[in-house]
Amino acid sequence: MGRFISVSFGLLVVFLSLSGTGADFDCPSDWTAYDQHCYLAIGEPQNWYEAERFCTEQAKDGHLVSIQSREEGNFVAQLVSGFMHRSEIYVWIGLRDRREEQQCNPEWNDGSKIIYVNWKEGESKMCQGLTKWTNFHDWNNINCEDLYPFVCKFSAV
């Protein structure tokens, strides 16, 4: 009886510890879970607009990835580094400038607020991508028509 209680308690501890890590939801096959979101790294280069279109077609509320914290940025950098075996030096993210009357107006595609930024110093805020030279941590200004791999994201809750 004591062994049963010990094993049951151990399983309960494992379950409770996993439930706080996002293990309480499922992402589709090939997608990776992090902090109640699902992520998919795509190696097939697209321009920014086609990459965004692809992401919106993959899942409800799907978009090019928005990065809301340093921790999420580190996760995305690790995800990208794991699939980048080619020579591409940038990876699209879902941030771009929607200029209005010559004013910079950067916005995330998914409508989330910009609460964390990691722009490379001196960069303007047009279409943004992660750069290979900083292990995919810094955000760089890139011509929106250039072809690069990208990362999709959607909320799993």
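Positions of Cβ are set from backbone N, Cα and C atoms, glycine also.
Disulfide connectivity taken from Swiss-Prot links Cys152 to one of Cys55, Cys104, Cys127, namely Cys55. In terms of Cα distance, none of the recorded positions chosen from Cys55, Tyr90, Trp133, Cys144 sits within 10 Å of Cys38 (disulfide bond).
Ranked by Cα separation from Tyr90 (site 'Key residue for binding with integrin'), the recorded positions Cys27, Cys55, Trp133, Cys144, Cys152 are led by Trp133. Taking the Cβ of Cys152 (disulfide bond) as reference, residues of its chain lying under 8 Å away and at least six apart in sequence are, in sequence order, Tyr39, Leu40, Ile42, Phe54, Cys55, Gln58, Ala59, Gly62, His63, Leu64, Val65. For the disulfide-bonded residues given as Cys27, Cys38, Cys55, the lowest number of other CB atoms within 10 Å of the residue's CB is seen at Cys27. Neighbour density around each Cβ, counted as other Cβ atoms within 10 Å, peaks among the recorded sites Tyr90, Trp133 at Tyr90.
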